[in-house]
């Protein structure tokens, strides 16, 4: 049996956050690693989705091309995945020759088979900008709750919208009211496949039940699908009037085009009737219908392609019991996480916290507690005490005659074998939480056995060998089963054991034991909490200003030179720095301005150490009204720049007298 495992294509308008990792990429990698562990033939295919309005909007906002945005975030996403140890056999992009060619072939075949037709629709057109407006180019008020809404979605009430439903619509480029014009679009005759899709979903034995149920509900009211857009960025529709394919008809075709990058072997997974293969898609639950209904419909329409065997739909991840929001920066980015903590800790926590098909929450407190009291106190404790004791007594895993083992030894080894069987079943059912809990239970059994045997009190060397052999065998099973979840930490344990990733005990010399699982410190968790809260406050302020500007059509306010000269900016030098007692973020800083010293309260704690600040030249606003922060008076402000959470104080590039005025 050959396996093809795919992950939902990451959208190249931003980097990855923990929600992406939890729903899709980590579980897919765990599943792939386990199949490899069992010596099964498996390819892991993924990539990025590079077309659609959000990318063109971001490019326009930044004054760059869509390809610039795609290149930037394709690379950033791949770096994020690499940092989580998520590996691929093929990682492609939809803005590539092989994908565009494959997508156009699919479209032509659908048309030849009678599944594509033309239809006149109504859509917004902006006279001022001389362009048709795709859904994301229009904003206004939601017709249901009157909240601020995009042309396709209301963030307030969560409803899907059509652009023409909006109240008080306006073009996001010029803020003018668009008019409705008629346009010819191309539609996919999905409604004709109702019976075929119902039969496919009903008979898909490995499809999770919640995915089946959602798909069957949608199929009941199946309607045709507008698959063209009046845009220039995308996969061109052959022989059309300059339109491109809607991303949700061309993006899933990436699973085929990216497999093609492996060579002719791609046919074994997608076409060949002579090769047994299974296709498993890992996705987030927000795109379940696209993969369980729309994508199978496309495959049915082109004919001769194999159908997905399973669509594994991961639930949503909230953050501190609130919905994640990239626009509000209420999110933990993968890059920020791995700079502080082991990616293995994230892989473990996100899988053990809840069944994959259910929504769950990421909280910094729960993360710390689960890692410290479960992973480290149970698995880490058993592994460390076993290796320390065995290395000190024997220098290697002792060799024993299996028929001399006592019943209590055999009982634990049989538990290892039984756990392996249960674990296999759970992984193949995508039940990663319960699979990890089996490892935890086995580790508890190991700890209980170690404690009951009291190896430190055993005087018979042969009996001690049997006990430590049993402990090391149990540890080998734990490492083997845990390896798909925590490839780095288990690799370090195997290195100490001088063993291979299998269930055989070779009895090689052990290396000097060291602590593999280190506890999460309170200060590190506190810093991540403070970073999250400070960023959300900043984003809320920016968002409020942007919304006001949108409503009024306002641009950035320009000021006269006289206004600027009212600000008294001077060069100073930091003399003293101490903590503000009532604050976790503030320093009390004494600055020398040449002819006087000022006391300034600044939120630089966490960005600069005390030693870094003392003696540093700084730029000071000297004519601010004094203000009290945490009960301490501040007589000015230091100037600093901030980007992506990095703070940098403004400085001067040559020696100049303290107190010098900045013009």
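Each residue, glycine too, has its Cβ placed from N, Cα and C.
Per Swiss-Prot, the stretch carrying the note motif ''KMSKS' region' among 308-312, 313-317, 318-322, 323-327 is 323-327.
Swiss-Prot lists motif ''HIGH' region' at one of the ranges 10-20, 21-31, namely 10-20.
Taking Cβ-Cβ distances under 8 Å and a sequence separation of 6 or more, the neighbours of residue 157 (Zn(2+) binding site) in its chain are 142, 144, 145, 147. Spatially close to residue 326 (ATP binding site) yet at least six residues away along the chain are 14, 17, judged by Cβ distances under 8 angstroms. For the domain 'tRNA-binding' (563-663), the DSSP-based tally of helix, strand and coil residues reads 7 helix, 47 strand, 47 coil. Close to residue 154 (Zn(2+) binding site) in the fold, though at least 6 residues off in sequence, lie 142, 144, 145, 147, 161, each with a CB less than 8 Å from its CB. Of the listed binding-site residues, namely 142, 145, the sparsest CB environment within 10 A is found at 145.
Following the DSSP three-state reduction, the secondary structure of residue 142 (Zn(2+) binding site) is coil.
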